[in-house]
Number of protein chains: 4
Amino acid sequence: MKEECGVVGVLLDDTKSQSKTAALQIYYSLYALQHRGQESTGITVYNGGSTHSLKGMGLVPEVYAREDIVKLVGHVGIGHVRYSTTGQSRIENCQPLIVNYKSGTVAIAHNGNLINGHDLRDELESEGRIFITDSDTEVVAHLLVKELLKHGAVESIKNVMKRLKGSYSLAIMIDDLLIAARDPLGIKPLCIGKTDLGLVVASESVAIDTLNGKLIRDVKPGEIVVLKDGEVESHQVYNTTHAAHCVFEYIYFARPDSVIDGQLVYKVRERIGRELAKEHSVEADIISPVPDSGITSAVGYSRESKIQYQEGLMKNRYIGRTFILPGQEMREIAVRLKMNTIAENIEDKKVVLIDDSVVRGTTSRRIINMIKDSGAREVHARIGSPAIIAPCYMGIDMATREELIAANNKVENICNTINADSLGYLSIDGLVRAIGLDKEDLCMGCLTEVYPLEIPGEKCQCRQTRLNQF
Amino acid sequence: MKEECGVVGVLLDDTKSQSKTAALQIYYSLYALQHRGQESTGITVYNGGSTHSLKGMGLVPEVYAREDIVKLVGHVGIGHVRYSTTGQSRIENCQPLIVNYKSGTVAIAHNGNLINGHDLRDELESEGRIFITDSDTEVVAHLLVKELLKHGAVESIKNVMKRLKGSYSLAIMIDDLLIAARDPLGIKPLCIGKTDLGLVVASESVAIDTLNGKLIRDVKPGEIVVLKDGEVESHQVYNTTHAAHCVFEYIYFARPDSVIDGQLVYKVRERIGRELAKEHSVEADIISPVPDSGITSAVGYSRESKIQYQEGLMKNRYIGRTFILPGQEMREIAVRLKMNTIAENIEDKKVVLIDDSVVRGTTSRRIINMIKDSGAREVHARIGSPAIIAPCYMGIDMATREELIAANNKVENICNTINADSLGYLSIDGLVRAIGLDKEDLCMGCLTEVYPLEIPGEKCQCRQTRLNQF
Amino acid sequence: MKEECGVVGVLLDDTKSQSKTAALQIYYSLYALQHRGQESTGITVYNGGSTHSLKGMGLVPEVYAREDIVKLVGHVGIGHVRYSTTGQSRIENCQPLIVNYKSGTVAIAHNGNLINGHDLRDELESEGRIFITDSDTEVVAHLLVKELLKHGAVESIKNVMKRLKGSYSLAIMIDDLLIAARDPLGIKPLCIGKTDLGLVVASESVAIDTLNGKLIRDVKPGEIVVLKDGEVESHQVYNTTHAAHCVFEYIYFARPDSVIDGQLVYKVRERIGRELAKEHSVEADIISPVPDSGITSAVGYSRESKIQYQEGLMKNRYIGRTFILPGQEMREIAVRLKMNTIAENIEDKKVVLIDDSVVRGTTSRRIINMIKDSGAREVHARIGSPAIIAPCYMGIDMATREELIAANNKVENICNTINADSLGYLSIDGLVRAIGLDKEDLCMGCLTEVYPLEIPGEKCQCRQTRLNQF
Amino acid sequence: MKEECGVVGVLLDDTKSQSKTAALQIYYSLYALQHRGQESTGITVYNGGSTHSLKGMGLVPEVYAREDIVKLVGHVGIGHVRYSTTGQSRIENCQPLIVNYKSGTVAIAHNGNLINGHDLRDELESEGRIFITDSDTEVVAHLLVKELLKHGAVESIKNVMKRLKGSYSLAIMIDDLLIAARDPLGIKPLCIGKTDLGLVVASESVAIDTLNGKLIRDVKPGEIVVLKDGEVESHQVYNTTHAAHCVFEYIYFARPDSVIDGQLVYKVRERIGRELAKEHSVEADIISPVPDSGITSAVGYSRESKIQYQEGLMKNRYIGRTFILPGQEMREIAVRLKMNTIAENIEDKKVVLIDDSVVRGTTSRRIINMIKDSGAREVHARIGSPAIIAPCYMGIDMATREELIAANNKVENICNTINADSLGYLSIDGLVRAIGLDKEDLCMGCLTEVYPLEIPGEKCQCRQTRLNQF
Ligand SMILES: Nc1ncnc2c1ncn2[C@@H]1O[C@H](COP(=O)(O)OP(=O)(O)O)[C@@H](O)[C@H]1O
Ligand SMILES: Nc1ncnc2c1ncn2[C@@H]1O[C@H](COP(=O)(O)OP(=O)(O)O)[C@@H](O)[C@H]1O
Ligand SMILES: Nc1ncnc2c1ncn2[C@@H]1O[C@H](COP(=O)(O)OP(=O)(O)O)[C@@H](O)[C@H]1O
Ligand SMILES: Nc1ncnc2c1ncn2[C@@H]1O[C@H](COP(=O)(O)OP(=O)(O)O)[C@@H](O)[C@H]1O
Ligand code: SF4
Ligand code: SF4
Ligand code: SF4
Ligand code: SF4
Ligand SMILES: [Mg+2]
Ligand SMILES: [Mg+2]
Ligand SMILES: [Mg+2]
Ligand SMILES: [Mg+2]
């Protein structure tokens, strides 16, 4: 599973001081959002008269040299980390996207995926427009600039939002104006915070924490927020009866210490574990997580079931970097390099193994085999999400329907395939309870095959969103 | 003085073979054109279905790994080397520029400068269009794609050419169609050649030589050539009474072994030396060049004057790379690192020192001082071009009028400033004779302050160019 | 605290096959040992006739390209990861050290520190010998080669071991002979394993696990093992009444999934937590670890105390790389970048905070302040080791006596300094119980100021080691 | 043909100033010596208390960042550029070699090759000594340090020189003492100069020129010079009846603007051309060099023969870097990438083609074929050296006897092989006259098969060298 991006925007209160270290604040924030994208990163700032950028392929500490950050003077700016869903690792695709237009410069950092991105691109191409990158972001830039010729910034973004279908959390800088916007269903997270030095918007609240700031609130679905003179000005473009927050942010993507749409991810995961224990109890000796994503749920399962929490697998902390290694043999040894059993903890034990989700089943099978090779008597797989039976169209590159093991197999089959002694998925209702939001406010398209947006060939339970009058 | 770019396009006869090594041919060609740009380079090829590129900052051997070239399969492609005139060394500005539009992909490699580039950009921006790079090339791309929606490739390029004012030699690839075009005055060079494997267009004929090919002819001013099925199809867009070939290609930019618009650069430089000897003869012991650009003219001067050719300066062959070294002190020692006197050859000698041109005069003064410190009795500077008294608007970053020593000083003053015992510039007529083309077919704007195109605030002796009917 | 190194040696059974992929096995092993050194790494293999190496600064995946590993053909080899204790990051210091001598080549990978390294260096220098690196390894190489001129490999290493005082775990390759040796007190870990392809020695058993092998046993203190023809040949050089295994391998350095001298590190840490709970019980709401090193002990403390385990801190998984960022401000924000509080989990709570050790106290203070800022009512620090009151002379760069907070302060003072509500260190006896080995077999020099080896100016309770007769 | 190295040493007069920019002086010098080695480079300086170095693979501007040079504070230092003869491109082999020994630090930069290097290495290895690099320099370091334990610096170097057979020009820094030494036959060049800031020793005088200094004199064969307090102290270790200066320094290696052992290389090459014209006159239209090495001789040949000098080949100035490109096809196109004909200059012409030497004949054949393809009527090859019939044992990697075309073929055969219409080599006596030194003071081993030193299996006309009494 691959998450697309993390975005951040920073506006310093002091627009006059010499230092104007918006870039440094953005840099620290991107560190905190690194888990949302490790392929490329960029920072763009505006300093009174002009826009300057740093960009590159790789991790935050690899791309930015301290000297360069220090030279990137400006009191306002935006930043981005990116995880390619397409595999097209091109420097041209690295964000923020900066475009010059009639009246100045627009910089855009985008997290999400447009369902009608292709159509909009076609439409724009029909006007004779050209595209230099592969990204939806360039589509947004075209639409936005067209509006900016006729309207003010907020009006323009509003008009653009009318055209977009899909998920988007945007940090936009129009010259020195910092604006954030979130799609009408609030699919991807976006929140606002306050630090000693000014205001910040970010994909996750951990970015605000890192700056020693306070989370003010989430950007609302369908809302545009303008950060100006230390104030947060709100424009509710859409009124939405129900949101469609992506459940996988809670299940897997977000950092456990982030608070998204009012819910602490850590707590959600703990409750997922408790729900799972209630739904699929089993007599066992120990509860073991697949680290890191299974840890918190395993703690919850243990607490609910009163069965002892005991780590049976240890994750290599340096393995994050192996994605750069190609080769057949590598893939075979990959699981073993990434994960090791703690044999003594599992020998002769009945193990409940907790993971967040199962996509293709290959990794689960390898892990369970490793555990059995290390002497476990039984392995009972418990999955902190319902079965993934359909693809995501809102920006998550899970797999095709052909590849998704649960799209094509019953639970018993999957259980056999992954070599488990029993297998239990969390129920939809259990998940909803664990998240703690109204079921109608969640996207669960990949779990139910019912999407919150119209997607050709798929069922849809559309949310009622109504454009506000201004 | 900085030259902007070199372009190349290659079309293999065999469009079906597995190898399809257009990229390799382009790569070799770019080696031969490296002197036209050392800042960045790119190659784009088309392989039946799609377009692929390699790009990077630096020299040709630094940017392209052999493996990568080999993987860049395609039977047609274009390439580029670039020398920034603006100092904006951004990877985004690296060419070819590749844009996606309604019906496919357009790749453009451009050498030249648009006088109305800014106006066209304004006009396009007024339509709500956006710009991601700083380059004129993106302007051309916008105009071209607008036309391509309504017209065929040739018609489209013709219509674009009607809008462009300035110098341009273009290699354009529209999907698999390779097209070259040259501005109506033929300011920048562009020629066509044939190799064992197919056809090639290039900024200079040395690229064709390197591929062991034969120069067919120059692209004519105002001509579009389509390379198709091994044939060269010509479309004369403009009929031009007189061209305006840049004289500095002969004086300085081009490689001596290139043939440009029918004239071998080496021979031109040799004749420059002879003319100079006739116009500014002097009694002396030796004729010495400022290497490398003065060498051929010095040989010509020596032959005409019957005074012995003797090298008094030796150039460090590795110094080309020092441009990466910043710092005050460096600039002071720069001349000495770049050039050394051969004291024994100049001691007690009256030296005629030949260089191609004088821009600011600083380097000339340092060199002459070095020669005098090494014991020369007299140094008579002879310059293979008339005095540069005005800027170039067609793509050459010479200097501003304030910086140009000859724009603000008489010859005697300059002679004093550079510490020479006498100073002789080649006359305009001498230069014309040396080049061997009709005076009316040359651009000498920077030497005469009369330009071949209308430029706000400058005198113009415009060429009559008439659009052809098709 | 900085650990010096990880070593590995691999001998394939099939010495004849074409593939001879010892390098690949070493490469995977070094991945598993990466936590023991991130500064530089090297691999050396022997292929019938000659010795070849790859080396470089940085992490394992950064230094080795797959192609290069594949080309490094050989059936036997050794590898190394290094963490500089001296701050001298020079490529020359990168191991294995390869030396040519009269009869061939010796390659050495070394983990440990010689107490008499300086004296031996002086002695060797007095003979007119020269040193190219700063390392003890070069000292060992000199001594070994001197012996090899007169004796066989085992005899030679035996004679060298007679000269060395300090800690050392060595993987040595003399041409194609793979030998491992461990100091008479077994201070640093070293173990032997068997894989499908052959034999392996490594600093930690996780390297063997990663190769899907089985741990055979530890190399014994004072033992030389020769790996030959698939057999492990043992030579007990020293008979030791008591070993002196470094307790900090269990407390902090080693991976929790490693088994060292018969004890699973994970279990030791869990018992440390239990002991700590017994010794320093406190009424509290939650038990929280300082991740990652405090996690396992916190689980143990929770189980013993029956107080709920709840994570209050989240560690940024990508921060490992920030050590490359210099600068004042960085250090201040460093803790916040590395660690974030999960406010909801700790608000209004009495928190027992478990960490492995306290060196200077600075980091502890910053973390406790963060936790209190996030609303914790009380923070009770519990440390999984006795107070560190003296430096280590056996290879661990802890700090000087001046810097060690516990060397100069009473517990109350420390408690105040770090802003905790109470502070409890594990007792010496508790630690010994947790480790599960005889107290007399442990080194606890830095905790007791009594060292297992004679060190000028320090107290010593020397172990009785007796040289074996052969 | 590959030259091994360039060395430099700098001692500033002002040993106290804050700046202490010996490193910067060395850096500039290495630029000037870059033609003597492009594989790796290093600088070592001493600053009152300790020795610091910068080293790396690649060209001078690639290895040294300006900041690093500035930080390398010291008033005395040595530097090196290296061209591997062995193909072993290892960072370990990069010089200066810095060794620590009993009383301090010795740094050595070495140009040359020891004939008894292998024997000395064996001898040292028999003492149990170890070698970390492949270089003769480490042999010298061992011998020197052995002496330094018993004797002063000069006495020690004297004693070392008694042991060395072969060519060596050494810059040695023993703590802050800068010493240069040259082998008793003065095979490799080494000279002394004075700048505004202090003293300098260097392989070629161009390094001194670059620092705006004055050449004082060459280091004499068998001489040790100590640079101290701004003075040059001489110790003549050996009295030599006759030197054996390598003739190929004049013919090919050295920069034309260098003065070596009293002779300006440029003048030597010009006289070589004149001698060649006298010995092998031919009726022809033009004299053309193979650039760059043939240029000066072609000028001389033209002047003597009164036949016009006309360039028929143009060299690509950027091709120096292609050595990094491997691959079959590359080698075939290599000559064409490196060299282009100026067809117009040679069409229908009888061409005398001047090159410095012929090794294998392959390149000559390719060049002559290119010239004929471009329309030359006849090509008469004239070579500025006698035929190379034997290998060099003093540090130049020419080729094996099997590969040397002239070792196995008569002149007519060679002429046929390279496809020339006639072929003339310079005579031994002609070369001696051109150089202008006593025949007995030259090494011409590779031309005559009689070497100035005893080499097993080769004839020797040994020079009488007598050790001085001190
Ligand atoms: N692969 C691994 N998985 C889990 N823990 C590990 C791993 N490798 C090392 N460790 C443990 O991590 C701890 C050090 O990590 P941590 O406490 O996060 O860093 P530090 O305190 O040095 O900043 C050590 O106790 C070590 O045993
Ligand atoms: N800075 C320099 N300027 C001119 N010639 C140089 C310089 N440095 C080295 N040379 C000369 O260049 C010659 C080698 O160049 P060239 O003949 O072009 O290369 P190749 O080694 O391929 O034959 C040598 O004779 C050397 O003396
Ligand atoms: N800084 C962090 N600390 C702890 N967990 C994190 C952090 N950042 C991301 N995560 C969590 O790590 C999990 C993914 O890690 P893991 O399961 O080890 O990787 P994988 O993608 O291979 O399954 C996600 O659930 C994410 O919430
Ligand atoms: N491959 C080449 N061989 C010889 N001359 C070249 C080559 N490429 C470019 N030149 C010539 O070199 C000259 C520029 O070199 P030079 O005078 O040394 O540099 P500059 O004056 O720009 O410092 C130009 O006149 C150009 O025609
Ligand atoms: S389909 Fe699944 S992954 Fe995609 S947004 Fe909805 S819940 Fe998230
Ligand atoms: S103005 Fe000068 S440099 Fe510019 S195109 Fe004309 S002649 Fe060339
Ligand atoms: S002194 Fe401490 S750190 Fe050092 S070896 Fe002994 S227990 Fe380990
Ligand atoms: S043998 Fe030839 S190349 Fe070697 S030193 Fe003598 S003259 Fe020079
Ligand atoms: Mg996971
Ligand atoms: Mg020039
Ligand atoms: Mg820790
Ligand atoms: Mg040559």
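The backbone N, Cα and C atoms fix where each Cβ goes, glycine too.
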Report the candidate from C:SER288, C:SER293, C:SER302, C:SER422 that shares the Mg(2+) site with C:ASP355, C:ASP356, as recorded in TrEMBL.
C:SER293
Per TrEMBL, what member of C:CYS392, C:CYS415, C:CYS460, C:CYS462 joins C:CYS246, C:CYS443, C:CYS446 in binding [4Fe-4S] cluster at one site?
C:CYS392
Whole-number answer please: how many Å between the C-alpha atoms of C:CYS446 ([4Fe-4S] cluster binding site) and C:CYS5 (active site, nucleophile)?
19
Taking the recorded Mg(2+) site as C:SER293, C:ASP355, C:ASP356, identify the other residues of that chain whose CB atom sits within 8 Å of the mean position of the site's CB atoms, giving them in sequence order.
C:ILE251, C:TYR252, C:PRO289, C:VAL290, C:GLY294, C:SER297, C:ILE354, C:SER357, C:ILE383, C:GLY384
Once the DSSP letters are reduced so that anything not helix or strand counts as coil, what is C:CYS5 (active site, nucleophile)?
strand
What is the number of other Cβ atoms found within 10 Å of the Cβ of C:ASP355 (Mg(2+) binding site)?
21
Env. residues of [4Fe-4S] cluster site, Cβ within 8 Å of mean position of C:CYS246, C:CYS392, C:CYS443, C:CYS446 Cβ:
C:ILE187, C:VAL247, C:PHE248, C:MET394, C:ILE396, C:MET444, C:GLY445, C:LEU447, C:TYR451
Look up C:CYS446 ([4Fe-4S] cluster binding site) in the DSSP assignment and report helix, strand or coil.
helix
What three-state secondary structure does DSSP assign to C:SER293 (Mg(2+) binding site)?
coil
Note down the number of other Cβ atoms within 10 Å of the Cβ of C:CYS246 ([4Fe-4S] cluster binding site), including every protein chain shown.
29
To the nearest whole angstrom, state the Cα distance for the pair C:CYS246 ([4Fe-4S] cluster binding site) and C:CYS5 (active site, nucleophile).
14
Between C:ASP356 (Mg(2+) binding site) and C:CYS443 ([4Fe-4S] cluster binding site), what C-alpha distance do you get in Å?
17
Measuring Cα to Cα, how many Å separate C:CYS392 ([4Fe-4S] cluster binding site) from C:CYS5 (active site, nucleophile)?
15
What average pLDDT is reported by the model for the domain 'Glutamine amidotransferase type-2' (C:5-230)?
92
CB within-chain contacts under 8 A for C:CYS5 (active site, nucleophile), separation at least 6:
C:ARG36, C:GLY37, C:HIS80, C:VAL81, C:ARG82, C:TYR83, C:GLN95, C:ALA109, C:HIS110, C:ASN111, C:GLY112, C:SER203
Quick check for the class: what is the C-alpha distance, in angstrom and rounded, between C:CYS443 ([4Fe-4S] cluster binding site) and C:ASP355 (Mg(2+) binding site)?
21
Recorded positions near ligand 7 among C:CYS5, C:CYS246, C:CYS446 (Cβ under 6 Å):
C:CYS246, C:CYS446
Sequence gap of 6 or more, Cβ distance under 8 Å: name the residues on the same chain that satisfy this around C:SER293 (Mg(2+) binding site), in order along the sequence.
C:TYR252, C:ASP355, C:ASP356
